[in-house]
């Protein structure tokens, strides 16, 4: 199981829909127009075919207080931040610290996604790392942590996310 977490409105649902399309037999080419999404209230389960079936459980941002109820069989964690919203970064940082300190997630591989890099006002990964002192956070974490800049809207970086999922779930069989 892969958990997909992040604050409300960071683009989690669109990411899952795009990864599903990208991993489908006809998804190797153009992703096409972004599909419509609505805020997730509750949880969505989506199967991605990445050499083997990987189930992604997306939890709505509003469910933050009960995320820990879903840590049980989590093998990997996608944590999404909105790179275009500096005011939301402190909330995302607190959420990330909580996730990385959770004992049930100590063995999970973590991919931190900086989404919305297609927007003109986005902050680079280096700017965000500096602002929230991410190198210090990572140094104290038990997990193996990777980071990527993506645009779920345009599809930028999504092939790398799919590769990360494949590699993570191949080695964690």
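Using the three backbone atoms N, Cα and C, a Cβ is placed for every residue, glycine included.
Curation does not apply to TrEMBL; its annotations are automatic.
Database features (TrEMBL):
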BINDING   6, 7, 8, 9, 10, 11, 12, 13, 61, 115, 116, 117, 118  GTP binding site
BINDING   13, 40  Mg(2+) binding site
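What TrEMBL annotates, mapped onto the structure for a quick look.
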residue	record	Cβ neighbours (10 Å)
6	GTP binding site	27
8	GTP binding site	16
10	GTP binding site	26
12	GTP binding site	28
13	Mg(2+) binding site	21
40	Mg(2+) binding site	18
61	GTP binding site	22
116	GTP binding site	24
118	GTP binding site	15
Measure from the CA atom of residue 13 (Mg(2+) binding site) to the CA atom of residue 116 (GTP binding site) and give the result in Å, rounded to a whole number. 13
If you measure between the CA atoms of residue 12 (GTP binding site) and residue 40 (Mg(2+) binding site) and round to the nearest Å, you get 9
Could you tell me the C-alpha distance between residue 40 (Mg(2+) binding site) and residue 6 (GTP binding site) in angstrom, no decimals? 11
Between the Cα atoms of residue 61 (GTP binding site) and residue 13 (Mg(2+) binding site), find the distance and write it as a whole number of Å. 11
Using the residues the record lists for GTP (6, 7, 8, 9, 10, 11, 12, 13, 61, 115, 116, 117, 118), what whole-number Å value is the largest Cα to Cα distance? 22
